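As written in TrEMBL, here are the features:
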type	residues	note
TRANSMEM	B:12-29	transmembrane segment
TRANSMEM	B:35-54	transmembrane segment
TRANSMEM	B:61-79	transmembrane segment
TRANSMEM	B:85-102	transmembrane segment
TRANSMEM	B:109-130	transmembrane segment
TRANSMEM	B:156-173	transmembrane segment
TRANSMEM	B:207-231	transmembrane segment
TRANSMEM	B:243-268	transmembrane segment
TRANSMEM	B:280-300	transmembrane segment
Amino acid sequence: MTAASKAVASAIEPPVEPALAADGLGVRYGSFVALKDITLRVRPNSVHAIIGPNGAGKTTLFHALTGRVRAASGRITLGGRDITRTRDDDRVRLGLARSFQVTSLFATLSVRENLRLAAQGRTPWAALAPWRAVSERDAAFAVVDALLARLDLAGVAGRPAGELSHGQQRRLEVGMAMAARPRVILLDEPTSGMGTDDIGAMTDLIRDLGRDHTVLFIEHNMGIVMNISDTVTVMRAGQVLVEGRPAAVRDDPEVRRAYLGNMITGDLR
Amino acid sequence: MTRLLERPIVHFGLAAATVLVLPLVLRSGTLASEILIYGLAAAACNLLLGYTGLLSFGQGIFFGLGSYAAGLILLRAGWPAPAMLPAVALVGAATATAVGWLSIRRQGVYFVMLTLAFSQLFYFLAYTLGDLTGGDNGLLNVPRPALGGKPLSDPWAYYAFVAALFLGLFAALQRVALSTFGRTLLAIRDNEARASAIGFPVRTFKVAAFAISGAVTALAGALHAMLIGVAPLSNIEYHTSETLLIMTIIGGAGNLFASVLGAAFYLVAGDLLSAIWPRWLLLLGVLLVAVALFMQRGLWGLVERAAALVAREPPPEPASADATLPEESRP
């Protein structure tokens, strides 16, 4: 289904159960209100972008959705299940994984071990056994090797993650989220700091991910956002400003007048 | 050659070689036994420091408690040593679970302060409960285990007993370090936030690391009490925690055998230098400063460098050398 036909379908059919949803979500840091009354519906198998100026609360929204920070108010549901009070590690088991804006890897461990750990994170209690050795035939390694090939990291699989180039680290960062085989994958500025060549590959990867996962991503490069997203949510000052299809958001007079005009950095393909 | 030094079987081989060499180079069976006992406790300390990134000043609690529990079970309950040892391991694991569970609620400096506070708490508890612990005098007349009805009163006979337990427990600790559990601990050491974000219940893993470390440390404490025939108050003192940490850091936090090396160095140097100069701990202070400043991989790092020289390979890169110590303990 193309983005356009999906939008038409959603207009006539009864609304499908969102893969991930927030209702009236609020987050406070002390007396500072970081998020206020956020309502978000992420449709299954869609690519959903979050944009907005720095300080709009995009990363805080990710922190709240994944459970790193506690919601002060509102409700979060994953596939209809209330996860508002669920711990961050438990949310991974329910099918929610994320990557970070600032690369966050296990720097002294090999690339392969980084991915193996991320794959194991889906069944962490099995890893608690202090007598069980890591078998090379472990099912996790099938996932790991497939990811190494897909992310073009097979050549550096044995190197410590801390020694990789920036582009490789960014790919591994996204791979760590993919390794848990999540239903919903949250990517926080996956292209941050990347060179032009790497950006193209990452864009294709995100578009691909949308086929068998649900992708929610934060991005500053409007070219990527406009080209691969089914839905775009614009945030400002901890609130949702506008939500809609990319073209509608781009042409929204309020968005343009408010601030988006000079934010468009990428070209439309 | 340097590759060889990374293999666990080589580390176990070195531990076994240590057991065989100590009787050849040392005249005192007591000192040799002490090296194995403290080596075991330092390796258990390393599971927290080197593998999990937890700088715990609470190891003396488990060591001292192990000594007391061994004495009480042998003297009051009259259990034989083979039944006493598993019980002591359980006491150590249970106490470490409680101390760990409360301490890991805070991170960094506050975690360290909590373990220090618990260390003081247990010391004064032992001091106050004189009826049980003997207070200042310690718990006297702790018997040695018996073999065929005869207690192992000969130092080298007891050494053999300690050595067998040492090798068994060292192998068990190695197994833990190499398991999925141990590898997850390394991930937690590297990046706790990410470990949690990919789905690991970090607190549970840390508490489990404490429990295993506590059990082994308590066993070492029990062996020590039977060695010297007393469960002394000094075993539960803050100073014991400090000594175990120093041994671990001097040896190098990277692998378990390094801790045995650290313990051996500390005790042998102490034995030699204290005969010459009673203020020898001053020299140890200087050495510790040198380790912190110039050789963060400890004595094991020197072994690796020597091996690299012999094999004419470049030494391991400093980037990975730095990372063997947890964040808080880096300068």
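Using the three backbone atoms N, Cα and C, a Cβ is placed for every residue, glycine included.
What you see is a predicted model, and the numbers here were worked out from it, not measured in a lab.
Residues 11-12, 14-15, 18, 26, 31, 34-36, 38-43, 45-47, 49-50, 55, 57, 59-60, 63, 170, 173-174, 177, 217, 284, 287-288, 291-292, 297-301, 303, 324-326, 329 of the same chain, all 6+ positions outside the transmembrane segment (B:243-268), place their C-beta atoms under 8 angstroms from a C-beta of that stretch. Sequence-distant contacts of the transmembrane segment (B:12-29) (same chain, six or more residues past either end, CB-CB distance under 8 Å): 35-36, 39, 154-156, 158-159, 163, 166-167, 170-171, 174, 257, 260, 264, 268, 271. The list of residues near the transmembrane segment (B:207-231) in space but at least 6 beyond its ends in sequence, with Cβ under 8 angstroms from a Cβ of it, reads 30, 33-34, 37-38, 40-41, 43-45, 47-48, 51-52, 54, 56, 59, 62-71, 74, 81, 84-85, 88-97, 99-101, 104, 133-134, 138-145, 158, 162, 165, 169, 172-173, 176, 181, 185, 244. Long-range contacts of the transmembrane segment (B:156-173) within the same chain: residues 12, 15-16, 19, 22-23, 29, 32-33, 36-37, 39-40, 43-44, 47, 85, 144-145, 147, 212, 216, 219, 223, 226-227, 256, 260, each at least 6 residues beyond the stretch ends and with a Cβ under 8 Å from a Cβ of the stretch.
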